[in-house]
Amino acid sequence: LPLLLKATLLRLASGSYHPFYNGFYYNHIMNDNGDGQDKVDYFNGAKLVVETSRDPVYSYNGANVTLPCHYRYQPDLGPKRKIRIKWSKLRDDYTKEQDVMVAIGKTYVAFGDFKGRAHMHQASRHEASLVISDVHLKDDGKYRCEVIDGLEDESDVVELRLQGIVFPYQPPRGQYRLNFHEAEQVCQDQGAILANFNQLFQAWSEGLDWCNAGWLADGTVQYPIRLPRKPCGGVHLAPGIRSYGPRHRHLHRFDAFCFSSALKGEVFYLDRPAGMTLEEAKQSCQDAGAEIARVGQLYSAWKFLGLDRCNAGWLADGSVRYPIVTPRANCGPAEPGVRSFGFPSKGKFGVFCYRER
């Protein structure tokens, strides 16, 4: 029967030794005998299928997460075969961005920033799931699970989304002072990263309205508008994300849109009757077994932990802010948010501290 199938396939392929694709799969065995017969094609009749989660997998900074992936054969080939599994992180357009891990059997190698954080989870016979420990903010994105069995190669994509918040950021020097690389750094200094478009769009859909343009992670400059108005693109444009497109990463200067995830720890407020200078505030946090909170940590505590405090406090960047969940008299505008007093050079205030659990 195998010889009959081979002869039939070769005739249909017009004399070629390369099999045509008809929805079935082939095993190719190399021949080094030098007799001109460099391949023998064996039809195994089995289709390799790879499946991941259709829905995004949600996690947060510092957590452990499993990206599910399973494979199977149609029809089933019986005992588990020795296959190769490869995980890659993708760009938004599904082109490859970086290798994450390669595994054969129980042996695996993780690459780059995933070393020591990525490993396989193979609790069942045809499982190829990826476990990422101590999730980083930049782990957010799409991942490809690729299963390779000889010359058969199938894959599927799963998306990891971090629960987080986007916030606009201006440095003490004022509006539009950051090139792209400086914007990356100020977000990092605030316990965050530059937001990507999907994160900004999600924030806009949840109510973010900000008329100052800021850098995103892909080098574009954009800003979210819920209420169209003259200084923000005009009153006749529909609500949405306004875009300046890609800008020169060294020469052009804007603000930044930063993304911070949910916290592993807690943000709390300290005060003295007479208030504190910035240096006194930092020391008070240290005395409490904590550190002065960064802007991203305050935003995360406001959104995910419901931090509501109508008292202004120092943050690590020298700004003074306070978070309001329930708007009320003498606590700023009529909507929830993180209020800012800017970067005062004088004055004494309380302080927001951050302590990991």
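Quick reminder: no glycine exception, Cβ is built from N, Cα and C everywhere.
The signal peptide annotation in TrEMBL covers 1-15.
Feature annotation from TrEMBL assigns domain 'Ig-like' to 46-158.
Annotated domain 'Link' per TrEMBL: 165-260 (among others), in sequence order.
Per TrEMBL, the feature disulfide bond maps to CYS211-CYS232 (among others). Around the Cβ of CYS232 (disulfide bond), the number of neighbouring Cβ atoms within 10 Å comes to 19.
Annotation comment: TrEMBL describes 266-355 (among others) as domain 'Link'.
The Cβ of CYS331 (disulfide bond) lies under 8 Å from the Cβ of CYS310, TYR322, ILE324, ARG339, each of these being in the same chain and 6 or more residues away along the sequence. Look at TrEMBL and you will find CYS310-CYS331 (among others) tagged as disulfide bond.
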**Q.** Intrachain C-beta neighbours of CYS211 (disulfide bond), sequence separation six or more, cut-off 8 angstroms
**A.** TYR223, ILE225, ARG229, PRO231, CYS232
